[in-house]
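Notes to accompany the following structure.
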Amino acid sequence: MKRQRREPRWIDPTINVFSLLVALAAFLTTMALAAPSVHDDILGEHVPVPEFLPGTSNVTVREGDAAMLPCSVKNLGTKQVVWRRVEGDKVLTIGTMTWSMDNNVSMEHSKKSKDVTTWNLILHHVTPEDSGVYECQLTSRAGHVRHVTLNVVGPPLTSKTAISITGRRYVDQGEKIFLRCNASGGARVPDEMDWFKGGDKIDENKYKHVQIYKIQSHAEKYFVSELTIEHSSLADTGDYICRSSTDDIANLKVTVLHAESANKRRGTNQGDNGTHKSMSSLENGASMTEASTNQEKDGAATIIVSKISLLLTLLALLWTHQTSLLAYTS
């Protein structure tokens, strides 16, 4: 019996590089946490020890909402903040970078003062499966952690988000256009807000003169987007629409006025127009009076001419009659 030759098996080189990076980051984080740290004597200078600031350790949100797990640190220095879920020992974020493949995980980072920074973990559209204990830890020393418990209750709310646009409907050419779109009061905070003009999406490439500033707060549950045009032109006239990621829409028609039309709108030329009309009326009256006077003069002249003509006719008849008498006498 012949033995069949087995073909060599090749290893597929297309390995998930991202998975290796995540594993490496988790390993290095664990090593950093386990390693001793030195705070007191670096180049002869005292370095303050990082510490967590007081904050809530129990967060309850409704299913479908966004959960914010707070973590504020003082004197962080060059160290890193790592968020992980205790169950399954799953690293979620390292610093401002998100290491989780879940798109619903993000980091909300801000600097409150020179020494205090916040590293809030945001979980969007939470489900009951997201309930559990989460850990905010520092890479400065082993065991320096802070736990936050998340409780997800249901069912999700179906209330509609209130969205509105405020701003001036009429601006003069060259003036500033400022529109503010506010979305709040819904079951969850919108993730994004887009602006449109006449159905065309406003982006920084096509509308370079338009500035858009966005403010989002998960704690107070609102999303605000502000649109600014410093120096308006007639081309900026149009219907402006803001649309949230939850498909809530608000619109406002803005009209940029030309200088002449702006004056008419304000009524600044009303007095001038009235004066102009009065002068026109006076001129028309004067013209009519002059025409009437001319007509009267023409009528009088006609009468005089008629009388003179009649007188000449009579004189001619008398002259003819006198001539006839003289001839008869002779």
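Cβ from N, Cα, C; glycine included.
Taken from TrEMBL, the feature signal peptide covers 1-34.
Marked as domain 'Ig-like' by TrEMBL: 50-151 (among others).
The domain 'Ig-like' annotation in TrEMBL covers 155-255 (among others). If you average pLDDT over the domain 'Ig-like' (155-255) in this model, you get 88.
According to TrEMBL, the region 'Disordered' annotation covers 261-294.
Annotation comment: TrEMBL describes 268-294 as compositional bias 'Polar residues'.
Note on the domain 'Ig-like' (50-151): DSSP counts are 3 helix, 54 strand, 45 coil.
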